[in-house]
Amino acid sequence: MALVGGGPALLVHGGAGRVEASGRDDRVAGVVRARDAAWALLEQGATALEAVLEAVRRLEDDPLFNAGTGAALNRDGFAELDAAVMDGEDLGFGAVAAVRDVKNPVLLAAEVLRSEHVLLVGEGASRFARERGIPACDPGELVTERQRRRWSLARRRALEERSGTVGAVALDAAGRLAAATSTGGMVDQRVGRVGDTPLPGAGTYAEAGLGAVSATGHGEYFARALAAYRAAGALRDAPPERAVRTALEAVARLGGAGGLILVDAQGRLAWHHTTPEMSVAWRTQAGEGAQIAPGA
Ligand code: ASP
């Protein structure tokens, strides 16, 4: 799907995967709330970076999504969180991975962006959070009953459904681009496993003059394909719709599936997914919308 825009423009996703029919409306409502909060900031003159942080922070706090509170649980039954944010203006990148005690990892990723580092992991990321005044949360607060049930099912190998990583891309009124992504990874993942989300160019990418991209799906494949960078780079010779498909084709050639959202430097939006569903909400000067799109 592609939409013609002009800045500001905003596109939010709530993960690619398979969603139970009963949960679809709630997911759409969740991405719409995050979109509206971020759009309100853009209208007040906020930067693209501030807008994507607001959208992703809201989705991290929504227990329905696999990020922050409500994140997927790993093999030992607790959440390890990954998040990244990228500012297209100067290729600034900040990310955290395998964090266990931070309620909003995307805000910690933003602190990393403002530091001399690109990626901090585990215990080191937690210590950095305290240095920056981000309080520790009890890891138990991140665990929802829903994810505990999914985890038990996955352990019995009865669960194939996965979805709920969150992300946002924005172009602000001044033409700046930014992307942010946040996830608890894959349900029942190995302790210490990190996917594509916090890797520059894999799950998250933004570059001035090109576009901003956030990915969701089986992270190992997105990382190997450098999917987010591939989509942004494809904008040099292709329209947005073609660019996201090109990147997902590269992921599919490796055996992976998932989705991508993109805004280009003109404010044109595009998204595509190779999983059964992906929830998205968007807004441009031309209008707004939201859907949990059927698969390609
Ligand atoms: N990409 C995320 C990961 O592999 C998971 C997802 O998007 O569902 O960690």
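Each Cβ is built from the backbone N, Cα and C atoms, and glycine gets one as well.
Positions annotated as active site, nucleophile by TrEMBL: Thr165. Sequence annotations record features per position, and here TrEMBL assigns substrate binding site to Arg193, Val194, Gly195, Asp196, Thr216, Gly217, His218, Gly219.
Annotated features taken from TrEMBL, shown on the structure.
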residue	record	Cβ within 10 Å
Thr165	active site, nucleophile	34
Arg193	substrate binding site	17
Val194	substrate binding site	22
Gly195	substrate binding site	26
Asp196	substrate binding site	32
Thr216	substrate binding site	32
Gly217	substrate binding site	28
His218	substrate binding site	20
Gly219	substrate binding site	27
Checklist entry - Between Arg193 (substrate binding site) and the residue listed as 'active site, nucleophile', how far is it from one CA atom to the other, in Å? => result 15
Checklist entry - What is the maximum Cα to Cα distance, in Å and rounded to a whole number, among the residues Arg193, Val194, Gly195, Asp196, Thr216, Gly217, His218, Gly219 annotated as binding substrate? => result 16
Checklist entry - When you put Thr165 (active site, nucleophile) at the centre and draw a 10 Å sphere around its Cα, which of the binding-site residues Val194, Gly195, Asp196 have their Cα inside it? => result none
Checklist outcome for this item: Once DSSP output is merged into helix, strand and coil, Gly219 (substrate binding site) belongs to helix
